[in-house]
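K.L.:
I'd like to ask some things about the structure below.
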Amino acid sequence: MIFAHAVADVRAAEAALMAQLPEGALMQRAASGLAAVCARVLRGEFGDGLRSGGHRRRRGGPYGARVVLLVGGGDNGGDALWAGARLARRGARVDAVILRHDRVHGTGLAALKDAGGTVVSGDDGPMTTATAAAIRRADLIIDGILGIGGRGGLRPDAAELAEFAASASAHVVAVDLPSGIDVDTGEISGAHVRADTTVTFGTHKVGLFVDPAAAVAGDIELVDIGLGPYLPAPALQVLEFADVARMFPEPDRNADKYRRGVLGLLAGSAQYRGAAVLAAGGAVHGGSGMLRFAGPDAVAADVLRRWPETVVSAEAAEAGRVQAWAVGSGLGEGREHEVAAVLSAGVPVLVDADGLRKLPPQLASPALLTPHAGELARMLDAQRSDVEARRLHYVRQAARRWNATVLLKGSTTLVAEPDGPVRVNPTGSPALATAGSGDVLAGLGGSLLAAGLTTFDAGSVAAFVHGMAGHVAAELSGYPSASDILEALPGVLAELRRPANR
Ligand SMILES: NC(=O)C1=CN([C@@H]2O[C@H](COP(=O)(O)OP(=O)(O)OC[C@H]3O[C@@H](n4cnc5c(N)ncnc54)[C@H](OP(=O)(O)O)[C@@H]3O)[C@@H](O)[C@H]2O)[C@@H](O)CC1
Ligand SMILES: [K+]
């Protein structure tokens, strides 16, 4: 599992570690790790990041490379200067653009000059003719404007510099984080750097994983500086393949279909017949032992035709015993009494799409709510654009409001509980943004609930697996449909459940 921590926790850990070490030792660790990644970038080991096609890709390593440092007035700038000195000693031509001469990291600047680096900015501002020329011809730009000490978007002179750097063809490496993002929330409130690679120190920072900021961080490289033992519980968790393989329910030797878990599915309507079929497909593959579908005859017939292993009934009340419910995908208007009954059935329930419009003020059962940004906005009486800009804030707010697990779908899917760390799904891709994709996810998540996973684990495992299926489907069909994603699921699950991976 990958973790991310809040800035206050990073600061506390840093202080505890620093008390054990000689002055400047941490910055040297950071700068050495940063220089090592930069050398790899200059050997062509990293992709072209955000501006694919526009890059001057260098393969020869630091010797002879042209490097520009953007240096703010704090320790982030200090890291850049020390790393620049290391690259200069390895034969790079290093030019520094200093934003604040009165605040610049003195020993870092002296080290850079000793190693043969030069300053191209002027006394009265960073943008000079020499700055522009250096940035235009650079192979690599190192963004040391702001790190975890920054607040708000970049100030005008830094913003002008970042914008000019963005127009150049160099690979941009951000020091600790892309300057100008809000590091604890992933929000962006003004001008900021767009990085191709971010080299972060000690632990990942929250904003590197949460959109919109995550989208401007590029590839993330973590440099271990020894903070680990001093860090408290993380603010964010990112599941990896091995975690999901371990968490995915494994039927025991004596399991029968009931013991593996039965999911009840209340989905689909005359208007949205396909949603029921897609959700049922996600459920059939999702790890539970049996699916009971409740819905109108015509819809039930569609489900049975595609998934003959399903048991169908006309009403939720007639469905029989289940270990969990999934409700809402394509449900349309009406059926309020059935939804209410399912929500108070005393078993865990996944609520999606139209089910989210029918939520009571208080939920009686453990619930996993799976809105996209528009649905979450409606639930919280907010604007969709606000939810998209402040995803972490709103997903946490909804989790507390309904005392439930909330999975906010989108560019980076977040899964939050009322308390504790938020999970970010790392497998998302634009391939998942297609009609019916959410229905597959709902069935899959419901099935995992029925198989006994907690709402938190069911949501995060479902999102991970669904995202992997999206990638596989995209490789096969370019722009995959929800049916393609569904078809990719068995292969992904087989891979996940291979004994070597568990
Ligand atoms: N944590 C660790 O373990 C380690 C941390 N290390 C490194 O230290 C970094 C943190 O350094 P830090 O605390 O000196 O703050 P930093 O981010 O450089 O910014 C402060 C400067 O920015 C300025 N400024 C603020 N807002 C601004 C804005 N909107 N637009 C423009 N300017 C703005 C502010 O100016 P002021 O407000 O004071 O006028 C001040 O000059 C951290 O990210 C990592 O890289 C490693 O070396 C070792 C291990
Ligand atoms: K930075």
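Using N, Cα and C of the backbone, Cβ positions are placed for all residues, glycine too.
Remember, TrEMBL labels are computer predictions, not curated facts.
Worth saying up front: this structure is predicted, and the values here are computed from it rather than measured.
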K.L.:
From the candidates Gly436, Gly438, Gly443, give the one listed by TrEMBL for the same AMP site as Lys409, Gly410, Ser411, Thr412, Thr413.
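P.N.:
AMP site check in TrEMBL: besides Lys409, Gly410, Ser411, Thr412, Thr413, the record includes Gly438 out of Gly436, Gly438, Gly443.
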K.L.:
If you measure from the C-alpha of His372 ((6S)-NADPHX binding site), which of the binding-site residues Asn76, Ser179, Lys409, Gly410, Thr413, Gly438 fall inside 10 Å?
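P.N.:
Those close enough are Lys409, Gly410, Thr413, Gly438.
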K.L.:
On the three-state reduction of DSSP, what should I expect for Gly410 (AMP binding site)?
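P.N.:
Looking at the DSSP assignment, Gly410 (AMP binding site) belongs to neither helix nor strand, so coil.
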K.L.:
Count the Cβ atoms, other than its own, that fall within 10 Å of the Cβ of Ser179 (K(+) binding site), considering every protein chain shown.
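P.N.:
Its Cβ shell of radius 10 Å holds 27 other Cβ atoms.
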K.L.:
If you measure Gly410 (AMP binding site) to Asn76 (K(+) binding site) at Cα, how many Å is it?
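P.N.:
For Gly410 (AMP binding site) versus Asn76 (K(+) binding site), the Cα atoms are 31 Å apart.
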K.L.:
Going by a 10 angstroms cut-off between Cβ atoms, which of the binding-site residues Ser411, Thr413 has the sparsest surroundings?
P.N.:
Ser411
K.L.:
As a check: which entries in Ser179, His372, Gly410, Thr412, Gly438, the binding-site residues, place their Cβ less than 6 Å from an atom of ligand 1?
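P.N.:
What lies within reach of ligand 1, judged by Cβ under 6 Å, is none of the binding-site residues.
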K.L.:
Which state, by DSSP, holds Asp143 (K(+) binding site): helix, strand or coil?
P.N.:
strand
K.L.:
The record names Lys409, Gly410, Ser411, Thr412, Thr413, Gly438 as the residues that bind AMP; what is their largest Cα to Cα distance in Å?
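P.N.:
Largest Cα to Cα distance for the AMP-binding set is 14 Å.
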